[in-house]
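Structure first, commentary second.
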Amino acid sequence: MTAMTKVLEKRNFRFDGDAYITTARGLEVLGSPLLNKGTAFTREERESLGLAGLLPPAVQSLSDRVRRAYEQYHEQPSNLLKNVFLTALQDNDEVLFYRLLAEHLREMLPIIYDPTVGEAIRRYSHEYRRPRGVFLSVDEPDRVETALAELGLDADDVDLLVATDAEQILGIGDWGVGGMEIAVGKLAVYTAAAGIDPARTIPVALDVGTDNEELLRDPDYVGNQHPRVRGKRYDDFIEAYVTAASKLFGKALLHWEDFGPSNGRRILERYRDRVCTFNDDMQGTGAIVVAAALNATRVAGTRMRDQRILIFGAGTAGVGIADQLRDAMVRDGLDRVAATRRIWCVDKQGLLIHDMKGLRDFQVPYARAAGEITAWSRNRGIGLRDAVAHVQPTILVGTSTVRQAFTEEIISDIARHVERPIIFPLSNPTERIEAMPDQLIAWTDGRGLIATGIPVQPVTYKGVTHTIGQANNALLYPGLGLGAVVAGAARISDGMLEAAAEAVAGLVDLGPPGASLLPQVENLRTVSAAVATAVAERAVEEGIARNSLDDPARRVESAMWQPEYRPVRVE
Ligand SMILES: NC(=O)c1ccc[n+]([C@@H]2O[C@H](COP(=O)([O-])OP(=O)(O)OC[C@H]3O[C@@H](n4cnc5c(N)ncnc54)[C@H](O)[C@@H]3O)[C@@H](O)[C@H]2O)c1
Ligand SMILES: O=C(O)C[C@H](O)C(=O)O
Ligand SMILES: [Mg+2]
């Protein structure tokens, strides 16, 4: 057998609905994280799979293994090492990893996902132990299809691919091949939150080089050590990826994560009508912010159509949020032009104005006419403070990556004009957040309606405990993905995003003072089930579902993979 035909062999197991059937024996079984149960293999399985001498005698249960793993987790001295420990656990025994995560979701989500994942991405080449996912290189566009085929998966074996080119990871910029960790982390959340079967997912690093000087100089860097490729070669590479993924896994959803603003938007526009695809930072974020804004306006007793919205940081997420808030105002009765005019964007060069230099194409719809602001002082652009003073926003969104940009002066100014200011500092990770909730609550004298991108503790102020919702796309994209998979959606429509946002918003009890605007992360499974059902129903209504669904809620429930050990039998 040649080396090539060997790597293209089919995966060494299949699932028959009840048990894994495998051709693997001995160490190969223990080295396969989807099959491995370690000390939980039964005596019969040990005998038939050639494991009898490879394991200590005790036969333990999944809960025994979870208990031990939890103790080991607590022995890790830092969040980064906890992340490394969990990664190793996932690479050893996926069921154990997901059960442990499910039982300690609130505690462990910030370790496998935001904010610790940011540190894991920075340290990727140094903490590197073993690969996970598929690494595609811009220098070898002809190998894209072969590389994806090397997993040995058939067309019906894959539901979902999460790909990143890592140009704008969270708010920490360009981290080259280390971006693989965000694809892996997003997929872990898909499984923990929505029960997407981990065996049916593929994380993909689209390695186009990096402009990060630190990585270019680092002898340990494991990615392509050259500057980012742009222009036609970049586009051809993305095209090769979409073509190969669609050819090999025709029904799979293609999720894009943490691209730079212009590439992210261009890619989405190019492929959104061609394949089932979405950009999480633009669309997932936009939809979760709509959910939080719908609930905030309910608490404030105001209408969506009456909001004045100021977006600070008009990049991928900021403009994605603007688009969906605009659509939400249109649904509340405004025409598109009037809705757009209720949104102001401030970026590095200040308030976006038509005649300014360096305006990016996707920012143009939100740029203000120069005539509109003639009365405003304009020496060196209109910064956030002046824009706030003139606009008096009812909703302030931060997607700028600028820590502490929302100052006491700015927030107090808003609080003087607006009864219940809605303030969402969404930049991740923690070191990038525009203001912490305890500050925002104090500066608005408890009237602010707050949601953040990172997980934060509740804030007690003058006797009221404010629970802070996590306006992170993690509350939305897993259900969106599951709904699309269950429906066999041919594409992801704006209607499906709207349905997802409304489903999330509808799950919250807004009655108690200080109530969170969004569901709590420990309820991720319930949230994702509701989102998936609403999304699948909408896909059917819009005629883009390829599967027929008589009872979408039941189909969603039964599609959810559960972290439990299944029998392993020999082929
Ligand atoms: N909560 C969520 O679910 C969520 C989702 C996506 C992104 N984010 C966060 O939002 C932030 C932005 O992400 P992105 O993907 O949109 O990045 P991006 O690079 O596309 O956008 C950031 C924007 O902020 C602008 N900016 C930078 N410095 C500024 C300054 N001093 N003043 C005004 N504007 C400034 C940049 O010019 C850019 O337009 C990140 O921290 C990311 O983690 C959060
Ligand atoms: O990854 C996250 O925590 C949310 C978002 O996709 C981001 O880029 O910040
Ligand atoms: Mg992101």
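Using N, Cα and C of the backbone, Cβ positions are placed for all residues, glycine too.
Summarising the annotation, TrEMBL assigns domain 'Malic enzyme N-terminal' to 90-272.
In sequence order, G185, K186, A188, V189, A474 are the residues of the chain that are 6 or more apart from Y113 (active site, proton donor) and have a CB within less than 8 Å of its CB. Y113 (active site, proton donor) carries neither a helix nor a strand DSSP state and counts as coil. What TrEMBL lists as active site, proton donor is Y113.
Among the features that TrEMBL reports, active site, proton acceptor is placed at K186. Classification of K186 (active site, proton acceptor) by DSSP places it within a helix.
Positions annotated as divalent metal cation binding site by TrEMBL: E257, D258, D281. Residue density at D258 (divalent metal cation binding site): 27 other Cβ atoms are found within 10 A of its Cβ, drawing on all protein chains shown. D258 (divalent metal cation binding site) falls within neither a helix nor a strand when secondary structure is assigned with DSSP, and so counts as coil.
Annotation comment: TrEMBL describes 282-540 as domain 'Malic enzyme NAD-binding'.
Annotation for N472 ((S)-malate binding site): same-chain Cβ neighbours under 8 Å, separated by at least 6 residues, are D114, I288, N428, G453, I454. Per TrEMBL, (S)-malate binding site is recorded for N428, N472.
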Count of other CB atoms lying within 10 Å of the CB belonging to E257 (divalent metal cation binding site): 27
Secondary-structure category, per DSSP, in which D281 (divalent metal cation binding site) falls: helix
Of D258, D281, N428, N472, binding-site residues neighbouring ligand 3, Cβ under 6 A: D258, D281
Candidates near ligand 1 among the recorded positions Y113, D281, N428, N472, judged by a Cβ under 6 angstroms: D281, N428, N472
Recorded positions: K186, D281, N428 - member with fewest neighbouring CB atoms within 10 Å: N428
DSSP state at N472 ((S)-malate binding site), helix/strand/coil: coil
Additional residues around divalent metal cation, ordered along the sequence, whose Cβ is within 8 Å of the centroid of E257, D258, D281: T164, Q168, I169, I182, W256, F259, G264, N279, D280, T316
In three-state DSSP terms, the structure that N428 ((S)-malate binding site) belongs to: coil
